[in-house]
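What Swiss-Prot says about this protein:
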type: SIGNAL; residues: 1-22; note: signal peptide
type: DISULFID; residues: Cys36-Cys50; note: disulfide bond
type: DISULFID; residues: Cys43-Cys55; note: disulfide bond
type: DISULFID; residues: Cys49-Cys66; note: disulfide bond
type: DISULFID; residues: Cys57-Cys64; note: disulfide bond
Amino acid sequence: MSPKVQALIFIVGLITLLAAHAQEELSDNTESERGCSGAYKRCSSSQRCCEGRPCVCSAINSNCKCRKTYTELFKEYFEK
């Protein structure tokens, strides 16, 4: 394979990687603009959790936080 083709493949791969990373950051910003809380952030009846995560509260309802779903935890465990 010629060096020009290798350079082109490298550049296309780098652009793809950067675009995927930018898309992740954009989706995080969109969720915060919608007014939802991410994983392990505070939540309430007026501030819901993003991505359908459950809002888990202490026994006296004073410390509510969004928890990751079992699917997310399972996925993270096997991605390591």
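All residue numbers here begin at 1 and follow the chain in the order shown.
Cβ from N, Cα, C; glycine included.
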| remark: Cα-Cα, Cys36 (disulfide bond) versus Cys66 (disulfide bond), nearest Å, comes out at 10
| query | Does DSSP give Cys49 (disulfide bond) helix, strand or coil? | reply | strand
| note | Students should find that the Cβ of Cys36 (disulfide bond) has, within 10 Å, a number of other Cβ atoms equal to 18
| said: What does the structure give for the C-alpha distance between Cys64 (disulfide bond) and Cys55 (disulfide bond)? Integer Å is fine. | reply: 6
| field | Cys66 (disulfide bond) and Cys50 (disulfide bond), Cα-Cα, nearest whole angstrom | value | 8
